[in-house]
Amino acid sequence: MHFTKPAWVIHKDSAKSEQNPKRLSIFSIHVHPDGSRIATGGLDAKIRIWSTKPILNEASEQSGKPPKSLCTLTMHSGPVLTVRWAHSGKWLASGSDDETVMIWDHDPNARGRVWGSDEVNVEGWKPLKRLPGHESDVTDVAWSPGDRYLASVGLDSAVIIWCGYTLERLRKLDQHQGFVKGVCWDPVGEFLATQSDDRTVKIWKTTDWSLEAEVRKPFEDSPGSTFFRRLSWSPDGAHITASNATNNKGYVFIAAVITRNTWTSEISLVGHENTVEVAAYNPHIFLRNTSAPVSTSNICSVVALGADDRSVSVWQTKSARPLIVAKEVFERQIMDLSWSWDGLTLYAASSDGTIAAFQFDATELEGIATRADQEQYLAKFGFVPPPLPDGYSHVSSNPQPTPMPSAANGFSFEADNQEEKVNILVAKRAPKDKKRATLVGSSSSIPSAGQTASISAPPTAGPKRVQLTQLNGQSSKPTPIAPSRAFSTSSFPAPEEQPFSDAMDIDIPIKKFGEKPAEVPIVKSISTWGAGGLVPQPRAWTESSRPEAILPVPALVSYLTVTVDDSSTDTFEAKNTEETKTIEVIFSQGKEIFWIDYLPSPVLCVKATSRFSAAALQDGSVVVWTPTGRRAMPTLCLGSPCSVMEGCKNSLLVITTTGQVYSWNVKKQAANFPPVSLLTLYAMSPNISIVSASIRENGVPIINCSNNVVYAYDSSLSCWIVLADRWWSESSEFGQGRRRSSISSAAGRGVMASIESSIAPSLEEATSDPLRPEFWQTIITLGHLETRIMSARFLESPQEFKQALLQYAKHLAQNSLVGMAEEMIKELLGPVYRRPDREDAWSPTVVGFSKWELLKEVLLVFARNKDLSRLAQEWQETLKKATDDSY
């Protein structure tokens, strides 16, 4: 077996230099059915497609043929947690932290330069459909046999079934009680299996989507801190291998093997020193005796496991010991595994930002059954899949036979003296007379991902190619390998021959309030804006009167665009045409232009919500429109250019280059508070800078700073307040690290959870705590929870407020803090006897909750503690009297 670890497969931090790139975590990897490509999804919110030949063949890597990187897809606005090719190879499904599933289709016209970078897409993939429906991170997706269905799971505890042809949502299964982190299909097509943080594996019938069985036993003591619980179904349909299982009350980490029909787990794969994160079966059935026919007694399977101990093991079900154990091949835990269709190459991805390939010889994995024998064996189950939707098929209407590749992993050679080509995929061709256009970066119209702590590792100085040996030392004669699937060909040019152009003809007239032009304008920088046009020269400032700029001015470009909230069709655009000195803003609904306006000064920033559209101009003014194109407010003159513009519902936030913060309610045409300066924050540290800014629906501005503190402006206190501080993560029991916590899915996607995770330390930044006083952690945790309670109340996040309040109550009970507990009870109970003639600031509700209802839950927490039980009983009686009208 050969092991390869290519250093050039990387998801990198765009903020770092090209000479010293920072690796970001790779969460998912999957091999195309023809073996010529792999797709990876990472923390950079991108999907990258790579050639496999340079990974597996050193000569190909050195020659650069075929190209290493084939395509970069950038429509997701959050880290991409899962990528899965359809069995047909025509579609790619991806799931992300942005709560969506995206389906990608091959498009020969989508090739070209990647927006915002020097990368070039050798082949084109376009977003076919966006599948909204999840309310939190999408952690895993899986295509059913024949691509009849697509299943997606996420941190909202939901399992959603989509039609694999129409891509319509068919069913939502919501019986899990925790984050769902893994999904797989029965190769027969009869069942679906999902695995969740509620410590269960659930089996669902595909005929009516009812619950067939629930497996709990091997997961009762499993840890809840893993990124994924990826499980896999054996190709013979007989077993499911599930990750994150334990024996001996949680002290032995195992992968549990669940038997079909009985749904019991009597077999365990033992040996990993930490939690098993992912299981992946080889797609082939193996024969125990190659001379005997295929039968239940003569078949076995091969399964690979990846764990948090940084090792990968490969097991064959006929043996009690693993075939291969590769230890410490990564710096951090294994996130995903994927087998090539020929069954001889295993790919692994790690959170350290690298991937590895394990290439087996036919002598090491002997007895691979043919695909025909495998399908004949599965037919014995007698399951009849549902009929396909009328008029739909994943098979090309005019298939063209493809010669079998002479080299493994999907690379073909027409002649020895010709260039290598990546296997060509079939896609619908555009009409010949249609103009080709280079798309403006698709990510520009999608909200950017929040600031997330990244995981990095020093780049490897070249690929690692080492020879590993089998543990059992056995070898045998080569066995013929089942041929891989044939894919249709087209006239798609070789990667080296593809024409690219940085400029194009876009002389297509815009029909006012008519159709939007098909071509998207090229974005180019405007270094100077002449004085002879419509724009007056700015007045010269004297040194004594010029405000000092502390934030950068956005670059002046010829074209800006933004989508309206989460809409994929409504867009707001601005065009700064330097030649004619014309500044135009356009609001479009789909392909139709809804309204147009012209402005006297170039546009620096644009923002649009469902309630308004806004543009910040170079002369320091801001213009706001209603959804129909009417001016919603007078032109706002701020005195200096806008550096940051954000919006949420009716609230608009603008931060100028001089650090002035403005917040308006567009509907009320009023300011939420008088302008306030960022200089207060800048004075707290000599090197502080703004990382990101946002605004809440209630008009509260949130500022994330480089000192790892998040601030908000409280108009009632007339000062900036601290919402979250990374300092809590070092000692608080509830400080967020990079791991996924086991909090409820609703709160897990709340504003406070997002804020704290944005400043949480990465794994490499975590350090061991120095020697602290005895009660250090207890006191720090109290302060952290008190801050979280006040922040959640200020940001009007009800579920997070309630969760933090109950966590605080439990912490008081655990440490028997009677005085604090009683004071908390009195605050929630309020005055027992009210005097009408006395002003009382106490309110019976907080963030929409009744304080008395919250007090009932808090008292139940206190009642379970022996030191606070008497106190709880006394106040329960008082609360009962207060709520009883007869008293």
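The backbone N, Cα and C atoms fix where each Cβ goes, and this holds for glycine too.
The repeat 'WD' annotation in TrEMBL covers 26-51 (among others).
The predicted model assigns the domain 'CAF1B/HIR1 beta-propeller' (35-365) a mean pLDDT of 90. As annotated by TrEMBL, domain 'CAF1B/HIR1 beta-propeller' applies to 35-365.
Secondary structure of the repeat 'WD' (73-105), assigned with DSSP and counted as helix (H, G, I), strand (E, B) and coil, comes to 0 helix, 19 strand, 14 coil. Per TrEMBL, the feature repeat 'WD' maps to 73-105 (among others).
Annotation source TrEMBL lists repeat 'WD' at 131-162 (among others). Secondary structure of the repeat 'WD' (131-162) per DSSP (helix as H, G, I; strand as E, B; remaining residues coil): 3 helix, 18 strand, 11 coil.
Taken from TrEMBL, the feature repeat 'WD' covers 173-205 (among others). Beyond the repeat 'WD' (173-205), the same-chain residues lying 6 or more positions past its ends with a Cβ under 8 Å from any Cβ of the stretch are 139-146, 148-149, 151-155, 157-161, 211-216, 219-220, 222, 224, 226-237, 240, 242-244, 258, 260, 263, 378, 381, 383, 385, 740, 742, 745, 748.
For 391-411 (among others), the entry in TrEMBL reads region 'Disordered'.
Under the heading region 'Disordered', TrEMBL lists 435-501 (among others).
Per TrEMBL, the feature compositional bias 'Polar residues' maps to 440-457 (among others).
The compositional bias 'Polar residues' feature in TrEMBL is assigned to 467-478 (among others).
Look at TrEMBL and you will find 629-828 tagged as domain 'Protein HIRA-like C-terminal'.
For the repeat 'WD' (26-51), DSSP puts the residue distribution at 0 helix, 17 strand, 9 coil.
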